[in-house]
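Down below is the structure, laid out as structure tokens.
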Protein chains: 2
Amino acid sequence: MEERVYNFSAGPACLPIEVLKQAQKDFISYGASGMNVMEMSHRSAEYQDIIDTAEADLRELLNIPDSYDVLFLQGGASMQFCMVPMNLMTKYKKIHAVNTGQWSKKAIAEAKKFGEVNVVASSEDKTFSYIPELSADMFTPDADYVHITSNNTIYGTKYTKLPPVGGLPLVSDMSSCILSEVFNVSDYALIYAGAQKNIGPAGVTIVIVRKDLVENAPEDIPTMLRYKTHADNGSMFNTPPTYAIYIAGLVFKNLKKLGGVAEMEKINKEKAAMLYEFLDNSSLFRATVSGADRSMMNVPFVTGDADLDKEFVAEAKKAGLVNLKGHRSVGGMRASIYNAMPMDGVRSLIAFMAEFEAKHK
Amino acid sequence: MEERVYNFSAGPACLPIEVLKQAQKDFISYGASGMNVMEMSHRSAEYQDIIDTAEADLRELLNIPDSYDVLFLQGGASMQFCMVPMNLMTKYKKIHAVNTGQWSKKAIAEAKKFGEVNVVASSEDKTFSYIPELSADMFTPDADYVHITSNNTIYGTKYTKLPPVGGLPLVSDMSSCILSEVFNVSDYALIYAGAQKNIGPAGVTIVIVRKDLVENAPEDIPTMLRYKTHADNGSMFNTPPTYAIYIAGLVFKNLKKLGGVAEMEKINKEKAAMLYEFLDNSSLFRATVSGADRSMMNVPFVTGDADLDKEFVAEAKKAGLVNLKGHRSVGGMRASIYNAMPMDGVRSLIAFMAEFEAKHK
């Protein structure tokens, strides 16, 4: 077998090797079809089964109530930054939002094109290294919804409790944490996630949205940007990103086989705890986020010396531990340890860091 | 090797076997990267090379002038139905359009959300079985652009000459004919094409657009729907559909190796001529389109007996000739013979039709 690396990319990110092997096996002919899934008509019975199974497995994994639509869309989270307000910012033309990083900011900037955005809290003062304290009085009822980013890929923070939004619909960008731990879909009005972190290849975006909100969205927006267009057509109003959905489906099957999201959460907790424990005890490295808001998926860390950081990233790459460079706005390093990063990948990273630390005492 | 079928699907459609084999070989590790292309960060040097090479090869294949941007977008042609008017229907808030089929109609309906659409001609009277005669006086200068659908996938027609649009910008949906024959990009202001017919997997849409039009488009439209957003960022404003672009790149490389678009055109002409000749001489089958407007890519045909059509489609499938059912609005059969359909596929289809005809004399 070809040599694989441990890929700590923030996204697109590593996929389970079992999924890749299965897709490789079926590359010239999927089952008895005589063709690759990407050559299949999306109107064929064979492809209908692939997308139906993917949706059913995702519903099972996240325990999604029937009162929610599950949509496979295109355009990434960035497209949701306009689709969400176009469909949902309709009555008050105002929303509340929490600013916890670059993606929150982009979502806020885009929503401002469609109405008023009340930023109730921000952690920008400390390079987004924490989740701001939120209180019920921030969320006045004169808003169409509240927007948050559940896990902040760049800064390595995550919400550990629900914002006290009262009766307001809660909308979350879960691109970098969906399927990583158990949560209650019913706590949200709409959840969106680009696939390229915990789901599958870039090019498919999953939207889980309350059916009543889909029904009540305005009719005069562009056809492709209306959730109802896609909900009414089982995500096949036009040709969906068929292959990306197929790979996502394989990831769902693989996760079910592993025991589902609860089991994955245990593994993720263990992986993250191991890495944070090392960082907290290191004399050379330190995590940039402290306390309860630490992400289980994205772990930024620094040595405090930019040149040494650079050396670490370069040496790690030589050792087969790749994409560890941090985002320029935080600097240093970042290890993204999504569902598909094996425990052994985290162990190898820690062993390498210990070795590097010993060398640079 | 697994058994392959001849897949006459209208899209997603068959891909060159050489492309599939290459991608399969690189599935566990692309070159020395230690990962699949779909696991690569889109910000990595390795992926940058993949997208840059894909763009350069497409520019070479279509001889695209430097004054045009080449964009890799998401959402299919359907998303272009709103993006084109949002970006280009800005001065007169009026366009001219020709109605040559279901996709033209959808483009027209969507454009109406943004201004006036003057339908200069339509072939709906005869189930879109021809391209209407167009004259210069139809295209009054009080319009932002003219919209056409160069090849009509469902009905099997194509334009054989440019509409006499005078100085107006010409916009064309080339989803089902791009790269099938030589054409002059400079005759168009904007060309768009969903990938899933002649380019690659569903999930990437190619837009070739004059740079001055990109620059002059309004700023207040949603960020993701502005061509300038993507042009300014080399199609990487956000994560692009990385794997679909990679496969498209392999298709471009393969086409270059075959001799480019001019060589492909010769092969396509031969494939189509062979099939139409058989149909014109058959005592059982007939093509639904006659004369000069016949598509080289999509060939609808009927026996005149709906039950017999059904039997033909079923029997053909058993013989490994699949997806020959025609669109419900035309009925009968349709053979889509895109670039990736080998000559032997068309020969096998003709041989099977001859056999079927002999049996049903």
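Along the chain as shown, residues are numbered 1 onward.
Keep in mind that glycine also has a Cβ here, set from the backbone N, Cα and C atoms.
According to TrEMBL, the domain 'Aminotransferase class V' annotation covers A:5-348. The L-glutamate binding site annotation in TrEMBL covers A:Arg43. What TrEMBL lists as pyridoxal 5'-phosphate binding site is A:Ala77, A:Ser78, A:Trp103, A:Thr153, A:Asp173, A:Gln196, A:Asn238, A:Thr239. Under the heading N6-(pyridoxal phosphate)lysine, TrEMBL lists A:Lys197.
Structure coloured by features recorded in TrEMBL.
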residue  : record                              : DSSP class
A:Arg43  : L-glutamate binding site            : coil
A:Ala77  : pyridoxal 5'-phosphate binding site : helix
A:Trp103 : pyridoxal 5'-phosphate binding site : helix
A:Thr153 : pyridoxal 5'-phosphate binding site : coil
A:Asp173 : pyridoxal 5'-phosphate binding site : strand
A:Gln196 : pyridoxal 5'-phosphate binding site : coil
A:Asn238 : pyridoxal 5'-phosphate binding site : coil
Interface-proximal recorded positions, chain B, C-beta separation under 8 A, candidates A:Trp103, A:Thr153, A:Lys197, A:Thr239: A:Thr239
Lowest local Cβ density (other Cβ within 10 Å) among binding-site residues: A:Ser78, A:Gln196: A:Ser78
A:Asp173 (pyridoxal 5'-phosphate binding site): tally of other CB atoms within 10 A of its CB: 27
Cα within 10 Å of A:Arg43 (L-glutamate binding site) - qualifying binding-site residues among A:Ala77, A:Trp103, A:Thr153, A:Asp173, A:Gln196: none
Among A:Arg43, A:Lys197 [recorded positions], residue with fewest other Cβ within 10 Å: A:Arg43
Alpha-carbon spacing, A:Trp103 (pyridoxal 5'-phosphate binding site) to the residue listed as 'N6-(pyridoxal phosphate)lysine', which is rounded to whole Å: 15
Maximum Cα-Cα separation in Å among residues A:Ala77, A:Ser78, A:Trp103, A:Thr153, A:Asp173, A:Gln196, A:Asn238, A:Thr239, which the record lists as binding pyridoxal 5'-phosphate: 31
Rounded Cα-Cα span from the residue listed as 'N6-(pyridoxal phosphate)lysine' to A:Asn238 (pyridoxal 5'-phosphate binding site), Å: 25
Within the predicted model, mean pLDDT of the domain 'Aminotransferase class V' (A:5-348): 97
Length of the line joining the Cα atoms of the residue listed as 'N6-(pyridoxal phosphate)lysine' and A:Thr153 (pyridoxal 5'-phosphate binding site), in Å: 10
Proximal but sequence-remote residues of the same chain as A:Ala77 (pyridoxal 5'-phosphate binding site) (Cβ under 8 Å, at least 6 apart): A:Trp103, A:Ala107, A:Asp173, A:Ser175, A:Tyr192, A:Ala193, A:Gly194, A:Thr205
